[in-house]
């Protein structure tokens, strides 16, 4: 009494027993306080608590709201059934040992019993006719417009503008809360990595003065590729030239031409061998795959002779992927609608996977190397076990839009994350159980409307997926979990300039002392 600060704590049976959720500064000093019964709360605005403050001259309602994306539906998790208005027993019954409890009633507006509180300002009148109910809903709207509360923030009468929630996502919670764990009961889960910060490293680490880059690589290609030692960049000049730059020598490149690989055909996709940092595979638009070996210490002169050429596809190639477990295994997809697996040591094709009826947007090996997943323009996701059969082991419905798609294995290889478009060109991500593709996606999350396909990169240690498209400036981050709500939003990263390509270095490149994880 006599103060103008109102603290809101959460009480839990384990440590920390008391955690502060928020505090709000009121206009007048408090002479008395009372909580409004739960039956009078505006549940559709996610109001979880309303306190009446008595000041010297007024009675002021202070409303506490939980930020939720949707305020159209009733949130069962915020409003369990509460104690009703009918007594469970009478005085004689209680003395005689009757220990029945008062019956519980639902707070859902459609399931309300008739004896709800229906006073225009505060509960307790006990009317049951409907005209008062209308007056009640009219009042809560007026209450919101008068600046006492806004559905997206936890606000107070004097501070309707100071929203405590930076974003109203389902995972954001109260942005200022120190006790995210104990709040999960109210707010739903949030990601442990929601405060991950993307940071551009110092200019001393950049490679600058890049010239004549090819920015027209197909949508199935990431634009360039990197390993822990060097990057390979397709160039615009004729003959499918590729620049190979050493990451150990950052700084400004000379104005003179740098030594290149002369691929002989325009580059469709390129990839470093994960087990041999000097071996680069390049898929050409002439339906051939060429393997190049970079000399120790990097390119010093132009390379013209590949180590090997893989022939077998009849039309130009979409993409190539190295096997994550076995050396000398490469898979490629092509316009001839086949997926072929190559053994590099022998320089030959060992298996041709069938079953596609249209363009193959993307393919990915499972982390254990047993399965290969593909997503195609025909709207299907297919799962192969190449050691067992050249036909798909199972298939299921993919993204509707035919503009492009990518897929990546998540959650220890038990789930597939697919990024694609819906029929209205909205970019979205879909999560599938790898064992149950025909059942369709477990969860679909729409992100934004943009023309380029989102390229997903998954960090298996933290289960965070990074998504961005060529020409975007924003990188979305989500933690992927195998249980609902499946996608937990983290801080996104925005760069100053649009990116033309985006690749991640191996985990060994991270500065772990700085807690860098990607």
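Numbers run from 1 along the shown chain.
Cβ atoms here come from the backbone N, Cα and C positions, even for glycine.
As annotated in TrEMBL, region 'Disordered' covers the listed stretch 383-402 rather than the other ranges in 343-362, 363-382, 383-402, 403-422.
Counting residue by residue with DSSP, the repeat 'WD' (310-352) contains 0 helix, 23 strand, 20 coil. Across the region 'Disordered' (383-402), DSSP helix (H, G, I), strand (E, B) and coil residues number 0 helix, 6 strand, 14 coil.
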